[in-house]
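Visitor: Just passing along the structure, written as structure tokens.
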Amino acid sequence: MSAVLYIDRHGVKVGSAQGRLTLKTTGQEEQTLPRHQIEQVIVVLAHANFSHDAIAMLLREGIPVIFSALRGGFRGVLAGQPGRQIMRRKRQYQAMDDPAESLVVAGALVQAKLRGHSRLRRQWQLPRRHEITDGLLASHHCQDLDRLRGHEGAAARAFFDGLRQHLEGSPFQFEQRRQHPPPDPVNSVLSLAYTLLMNEVEVGVAAAGLDLAGGFYHAAADGRPTLLMDLVEPLRPLADRFSARLLKSELTPDDFQTDGDCCLLRDGCVFHAIVTGDFTKA
């Protein structure tokens, strides 16, 4: 059975010996892994030193090394033999070319997002909104993507109205979602949370060997990472909950600065938000 090797500590020395990958950290015993047990290596927020022999073995065996940055931002991949994920990509492209299958995938993504927002409103003890429940029901029967996007958009507006209600009594006022640029603290935190989330999803997509531009829900365009955008949708409620917690419990208006029409977190607060950015525990 092959597995993914995560390297998340500074100073790890990666080498190879007798067909095995070796891992050595100062003050600890050397660990070794047979090459046939490694499917891929992901270097997460770490300065790892790879020997020439280790790189040569990984390239020869077609084991990709994926490099990510703070909170999972994808930075690049070291790969040797091409085509290890060709069947997976072939299946992705087949699904993209089938309008019916694309619609099923897109509907599932939207349904997951709306269910998450519905749960979040209940946690915040807000009344149900018909736009979300209607959108969830309609998403099972939409005949085309435009109608699905229409229901999803109406549900999103209803959710953000709920966020406005949830933040009442806090130091932050929220009217509507605006992002280019974010004009106020709430929009600024939402944009940061979505960026952190997208970084994490991007590493997962790269690790799976899928085409970032091969999406199903968002409209395709050259250079647009539509699959990444698609996969972020069902996870947005996690980022929304995380943002609400920061705004209600941890941030103050003094943590923000305005430059023209753009409102941003100050540098130290950005770092705090990043290192506490565990969406699953928000």
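Heads up, residue numbers simply count up from 1 along the chain you see.
Cβ coordinates come from backbone N, Cα and C, glycine included.
Positions annotated as Mn(2+) binding site by TrEMBL: Glu152, His218, Glu233.
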Visitor: Translate the DSSP assignment of His218 (Mn(2+) binding site) into the three-state scheme.
Guide: coil
Visitor: Quick one: among the binding-site residues Glu152, Glu233, which has the most Cβ atoms sitting within 10 Å of its own Cβ?
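Guide: Of the binding-site residues Glu152, Glu233, the most buried by Cβ count within 10 Å is Glu152.
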Visitor: Apart from Glu152, His218, Glu233, which residues in this chain have a Cβ no more than 8 Å from the mean position of the Cβ atoms of those residues at the Mn(2+) site?
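Guide: Residues close to the Mn(2+) site, other than Glu152, His218, Glu233: Ala106, Leu109, Val110, Lys113, Arg149, Tyr217, Met229, Asp230.
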